[in-house]
Amino acid sequence: MNQYAVWGNPIAQSKSPRIHTLFGQQTGKAISYVAKLGDEQQFEQQLKQFFAEGAKGANITAPFKERAFALADLYSESCLQAEACNTLKRLDDGRLYADNTDGVGLVSDLARLGWPKPHQRILILGAGGATKGVLYPLLQAQQQITIYNRTADKAASLAKKFAKFGQIQSACFDELPEQSFDLIINATSLGLQGKCVELPARLLTQANIYDMQYAPNMQTPFLEYARSQGATQYQDGLGMLVGQAAYTFQLWEDVLPDVEPILKQIKQEMEF
């Protein structure tokens, strides 16, 4: 039985063990997948020991994605561009292969929703690790991206770094009301403090709204604010979570699970 785990701190809230257990049942793959609390001082040693004991792979979540990236030997292109990994696979020769499936998870969920269009205008809120993880796949899909971040220099720096891959720019908050977007993605962590970026109502009512965070009945702070401003097309990030997990599972077990029934089951379990 192949051994896997998700590492983070905190980690008790993670849905990943449940998702991967359901993937294993659906595909007939015998796996073990558990949550592991990473130690701020000992994370590298913990991860090395985990693989030394025979584990086949690991998911990495906050705050360890950059540190796990540094431990790998080989990288996918999306992982290299994000400079952070959410997935590690131990190869037969013992080397660690790093991938970042967040971007493909987002792109696949947008496709599931029927939202992607060629050259659509996307506003991404935030310039942290969550944004870095999805920019390369979005630009590969020929999307036009604007990044807004409270620290303008950080957004400008990120836009400059990814400019070689497609159309991307940064914008100050005062510039946003003058623009129009087809899709607005919240990639900030403000929701963890019960806050959100309060965009003008005109932007929220004219675009599809996507929050990378998720909650029962899609009641994240950002989506609740968007609804209060008249937004009618919105979705939380649960589908992205299940989607990225599916591509991780494929990397490990060579079979891509069917996301839809697992997403439906996880959503039902969250709401009851």
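Cβ coordinates come from backbone N, Cα and C, glycine included.
Remember, predicted model here, so these are calculated numbers, not experimental data.
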Which of these, Thr61, Thr188, Thr232, does Swiss-Prot say binds shikimate at the same site as Ser14, Lys15, Ser16, Asn86, Asp102, Tyr214?
Thr61
Rank the binding-site residues Ala127, Met212 by the number of other Cβ atoms within 10 Å of each Cβ and report the first-ranked residue.
Met212
Taking just the CA atoms, what is the gap between Gly129 (NADP(+) binding site) and Lys65 (active site, proton acceptor) in Å?
8
May I have the list of same-chain residues other than Ser14, Lys15, Ser16, Thr61, Asn86, Asp102, Tyr214 whose Cβ is within 8 Å of the Cβ centroid of the recorded shikimate site, in sequence order?
Val6, Asn59, Leu241, Gln244, Ala245
Taking Cα atoms as reference points, which of the binding-site residues Lys15, Ser16, Asp102 is nearest to Met212 (NADP(+) binding site)?
Asp102
Would you find the one among the binding-site residues Asn86, Thr151 whose Cβ has the most company, meaning other Cβ atoms within 10 Å?
Asn86
